[in-house]
């Protein structure tokens with residue numbers, strides 16, 4: 001994500017457009033992505049139960065890279081039942097600055113999911129490639145939670161290898177039926193439990209505070225790896241985005257994965273475990289895949305191992321404290 005003081009902003013709107021003609025809301029001819037501005041934004045949002053708004057700037061390189069993927073996703077989602085509509089707003093236009101201010105946009109591209117005519121706002125933290133956008137938004141417009149009624153339901157859910165939260169009342173019958181000697185560790189709980197299943201680290205985490213704020217914080221913190229891996233694998237990109245969006249201090253180690261990974265990985269993870277819950281996030285990056293990070297921090301990428309530490313939000317720091 002790029003940051004600049006009000007040079008521009010991107011808004012993309014995604015919606016359940018069951019009864020409305022896309023072209024009526026400002027889609028350019030031949031495009032599936034709607035074009036919104038200050039004159040039609042509020043009206044369009046109010047007509048949708050679900051809409052995603054992304055703020056972009058024409059000068060933003062990340063926005064330019066997103067554009068073809070976003071258009072491809074819009075084309076695919078237009079045939080969804082009901083259609084899911086994507087839109088954009090050029091907030092580099094002075095007339096649209098008030099919209100950007102209203103949504104507290106600090107970097108580009110920033111995507112907001114709006115529900116119930118804009119009454120509920122959530123930041124989009126999903127993938128940035130077409131297929132990932134499509135899959136993510138299809139899940140967002142579906143039921144907010146999945147009820148598990150059988151062993152088959154549970155197996156299908158877990159096998160998707162995504163992160164899920166499961167509410168268990170008194171006895172975890174599901175885990176007992178699925179895996180009597182389960183790698184998840186326990187077969188029973190003695191009180192209502194929120195269980196986060198995840199395809200990394202300790203595989204599951206339990207939580208028992210059902211206050212909304214506490215649950216949100218728990219899910220946010222537990223749903224990323226103890227050490228985030230920054231490489232060319234697209235499945236890691238959502239975790240990398242969450243790492244940089246976190247307000248935590250950040251420790252980042254960049255090594256040549258093809259030559260040095262085994263020498264660093266175990267010890268680095270041991271250190272990260274010692275600091276778990278202490279407001280520091282850890283990232284292990286491949287030198288060959290991390291050029292964007294070096295450019296952001298304004299540093300030169302040599303051929304050797306590099307380590308960085310930042311004590312503020314990444315989007316507010318022009319250059320991290322570092323040693324090479």
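Positions of Cβ are set from backbone N, Cα and C atoms, glycine also.
Pulled from TrEMBL:
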| type | residues | note |
| --- | --- | --- |
| DOMAIN | 13-142 | domain 'Thioredoxin' |
| SIGNAL | 1-24 | signal peptide |
Rounded mean pLDDT for the residues that make up the domain 'Thioredoxin' (13-142):
82
As a quick check of your reading of DSSP, tell me how many residues in the domain 'Thioredoxin' (13-142) are helical, how many are strand and how many are coil.
48 helix, 30 strand, 52 coil
